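Following: one structure in structure tokens, then a few remarks.
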């Protein structure tokens, strides 16, 4: 009996030590202010971006030296989002590696709140306040204990982690330099007050990428409203290229159901990969443009860089703090590198056609000094005589300075007796093109005085006008 009693006492002491320690350090040794911190702070290394091999423990000063924290460099704090598996997702080491490649001497800390993030979504959403408090306590401790400047701190939060980052920023003794929200979660936060979610007040500068806002407000995976100083909506912020239903069916057919969860979060997670792209391809940042609506952007009406109307996506963003949040838009490719080249095209259709034709399909081909991009499809909602139409197109390659273009009006997909009897057509004298990335405006003229574009017929060629006054650079 005595041996059993001793065993029970020993087990009790062992269990008590487990509940009072974290990272191998007794809670009492950490100080009373830090006992309630459940989140873990792993300083990952360039050599091992996938494992949490060394933890910075609030209240334990030697842990900072043991992990070789660099006090003279930037610090990135990465905060993950909700998880089904209770494990880190594959993007975490990719982001860590990209941060170290861009800033080799920096500190990249990964916040582990997996046990709280694995609960039912509403429960995990509620835990973001506690996680934010944990992160704020850690940052305040680093600032007070080691005089580490918060100007060197950049928080990066994905999904629920974006709101945890915002709450952390609101609770630090001084503002951190920057918070990047990577598609902040929508449910439970779309209508939340600023103190409970990411907001512009949470850091000196807050930039946000919105990549999966499809659905009604409050039900979309990503938050729809702007919550930063600069809010960027790639491809309108709804679905991302390569993440559509057709792609899902193809992947399921090829690989089975194992990758379904990846497809569901494809657009949501694209925010992370866009930011990674900005770290790895610093020479060619993607450019976004301020616009009142995505509909106006699709018409090509917003490709201006005057008065901070355009900005870089991702790490090299210009830290413009407007009085109110600015919504910015851009197109991207379906895979890295994501950068594309935007063009506004304006065409005036002249003629005697009395009918208005709807949903008309066209193709345009651009030819430049470096490359060419042919048969770019676009659709005009309506086409009428003696009206000017503006629309947006983009190329996946840099074609250089524009020299020539071709325009084709495609036949309807259905048979039309009127088109068979007499193809409708318009006279076009000039086509105006503005390049978003270079801000150059070019006017293209018909080789003859006027070109006649007919539905279902051959392409019409336009060349750069000779009058130099017509071709200029505009802000």
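Just so it is clear, glycine is given a Cβ too, placed from its N, Cα and C backbone atoms.
What you are looking at is a predicted structure, and each value in this text was computed from that prediction instead of being measured.
The range from 425-429, 430-434, 435-439 that Swiss-Prot describes as region 'Important for heparin binding' is residues 430-434. Least crowded of the disulfide-bonded residues (243, 465), judged by neighbouring Cβ atoms within 10 Å of its own Cβ: 465.
Taking the recorded positions 197, 268 in turn, the residue surrounded by the fewest other Cβ atoms inside 10 Å of its Cβ turns out to be 268. The residues of the region 'Interaction with GPIHBP1' (32-53), classed with DSSP into helix (H, G, I), strand (E, B) and coil, number 3 helix, 5 strand, 14 coil. The Ca(2+) site is set by 194, 197, 199, 202; from the centre of their CB atoms, other residues of the chain with a CB within 8 Å are 163, 166, 167, 170, 195, 196, 198, 200, 201, 227. When the neighbouring Cβ atoms lying within 10 Å are counted for each of the disulfide-bonded residues (54, 67, 302, 305, 445), the highest count belongs to 302. The DSSP secondary structure for residue 194 (Ca(2+) binding site) is helix. Residue 268 (active site, charge relay system) has 197 as its nearest neighbour among the recorded positions 54, 197, 302, 465, going by CA to CA distance. Summary: among the recorded positions (194, 266, 310), the fewest other C-beta atoms within 10 A of the C-beta are counted at 194.
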